[in-house]
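Here is the structure we will look at.
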Amino acid sequence: SVGFKAGVKEYKLTYYTPEYETKDTDILAAFRVTPQPGVPPEEAGXAVAAESSTGTWTTVWTDGLTSLDRYKGRCYHIEPVPGEKDQYXXYVAYPLDLFEEGSVTNMFTSIVGNVFGFKALRALRLEDLRIPTAYIKTFQGPPHGIQVERDKLNKYGRPLLGCTIKPKLGLSAKNYGRAVYECLRGGLDFTKDDENVNSQPFMRWRDRFLFCAEAIYKSQAETGEIKGHYLNATAGTCEEMMKRAVFARELGVPIVMHDYLTGGFTANTSLAHYCRDNGLLLHIHRAMHAVIDRQKNHGMTFRVLRKALRLSGGDHIHAGTVVGKLEGERDITLGFVDLLRDDFVEKDRSRGIYFTQDWVSLPGVIPVASGGIHVWHMPALTEIFGDDSVLQFGGGTLGHPWGNAPGAVANRVALEACVLARNEGRDLAAEGNAIIREACKWSPELAAACEVWKEIKFEFKAVDTLDK
């Protein structure tokens, strides 16, 4: 018998296996690999598979104490990226045994934890993941999901309306609560803490929670509708975060909020479990996502962060607008939206979806369109996002010349007009402006909003685009 053979071995000899047939239980990953000059794509692909699973830079004698064939990641297919020089799409299959059940943290630590600093690669991007149903079933997922949220709020047949309170920092708790009340009274369903509103010297969290709860109950009594404010429970420690969520539940409010990337997946999953057990909806903000997902050749796509969130748990998540000030190409954004809401999503490379994904009845997440949008965008948003969405107008509500409540009225009237027109069979894409103009005739608040924002557009090309 041959003894242990020390030394450095090419990765592709062990980890590049084009003949491998993937299993239903494998986690599949699609990477965009940019090898260093002189490194063949097969070696680069195999290096990714090795470094994100069982491999290290040299053979080690302890390899003989386990079954590498059972546990190793395998690069099973490589193809050039269309229209790009020296970039390859590498597909890697990971056996399910490599991952702790119910832990997004462990899944990411394995798949993207170490390999992105690897010297043989100039750049690396995780484009998509196929999560096997066997693994999905180890997660709770979103605390409630779309249908349960509608039933809790008693709101059907239209998108929900939100507003981020601005200025995001600097208001006292009482003035903040006042702004919340005006927006909710005017016809919005939700108002929102901004992502960096936590507990600062000018407004401690407990004071904010109390004044916002007062605003919610007062506006509910006046309008006869259920209202909510996304109370941001994000904090410096998990214990403090949970303390804030518990206080929100004691106040009887319907929804709390978390910054899931800066807060971390472990904290987020704990909060999602608490929210399901205690009947709280959970709004998720994606602060920090563009650090990870905006560059086209390095990092990971928002598609992957989105799937991770559905596993970890959240009832809403920001999803780009297609028409506002923040990044989001239409096809890519719609691909994201389907992965959040639908139970089964077919592979469709034209929308950036590399794998067919079956969510096996894991609850859906409502996409939130937010960032630089106003009443003139309403027809496009209604058409693009459909009913199961939250349309969030911060400046588009608070920037109204007559104040917050009229700003809220303008948005609600514009939304109701668009939903009515759609239900009557009109074409929102073609007739959008006409629909809004007609509605202005019986809403002076909407007419004033249309006057202020008639010419505003944010016209820049998206950075993260699809490969044609």
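Numbering starts at 1 and runs along the chain as it is shown here.
The backbone N, Cα and C atoms fix where each Cβ goes, and this holds for glycine too.
Residues or ranges marked as active site, proton acceptor by Swiss-Prot: Lys166, His285. Residues annotated as substrate binding site in Swiss-Prot, with sequence analysis given as evidence: Asn114, Thr164, Lys168, Arg286, His318, Ser370. The Mg(2+) binding site annotation in Swiss-Prot covers Lys192, Asp194, Glu195. According to Swiss-Prot, the N6,N6,N6-trimethyllysine annotation covers Lys5, on the basis of sequence analysis. Taken from Swiss-Prot, the feature N6-carboxylysine covers Lys192, and the record attributes it to sequence analysis. Here Swiss-Prot flags Lys325 as site 'Transition state stabilizer', drawing on sequence analysis.
Here the C-alpha separation of Glu195 (Mg(2+) binding site) and Thr164 (substrate binding site) works out to 9 Å. When Cβ atoms from all protein chains are considered, those within 10 Å of Thr164 (substrate binding site) total 24, not counting its own. Cα of Asn114 (substrate binding site) to Cα of Lys166 (active site, proton acceptor): a span of 39 Å. Of all the binding-site residues listed (Lys168, Arg286), Arg286 sits in the most crowded Cβ setting, with the most other Cβ atoms within 10 Å. Proximity to Lys166 (active site, proton acceptor), judged by a C-alpha distance within 10 Å, picks out Asp194 from the recorded positions Lys5, Asp194, His285, His318.
For the recorded positions listed here (Lys166, Lys192, His285), the lowest count of other CB atoms within 10 A around the CB belongs to Lys166. Within 10 Å of the C-beta of Asp194 (Mg(2+) binding site) there are 19 other C-beta atoms, taking all protein chains into account. Checking Cα-Cα distances from Thr164 (substrate binding site) against the recorded positions (Lys5, Lys192, His285) with a 10 Å cut-off leaves Lys192, in sequence order. Within 8 Å of the centroid of the Cβ atoms of Lys192, Asp194, Glu195, where the record puts Mg(2+), the same chain has further Cβ atoms from Thr164, Ile165, Lys168, Asp193, Asn196, Val197, Tyr230, Asn232, Met257, His285. The secondary structure of His285 (active site, proton acceptor), as reduced to three states from DSSP, is extended strand. Within the group of binding-site residues (Asn114, Ser370), the Cβ with the highest number of other Cβ atoms inside 10 Å belongs to Ser370. Mapped onto three states, the DSSP output places Asp194 (Mg(2+) binding site) in coil. For the pair Lys5 (N6,N6,N6-trimethyllysine) and Ser370 (substrate binding site), the C-alpha distance works out to 57 angstrom.
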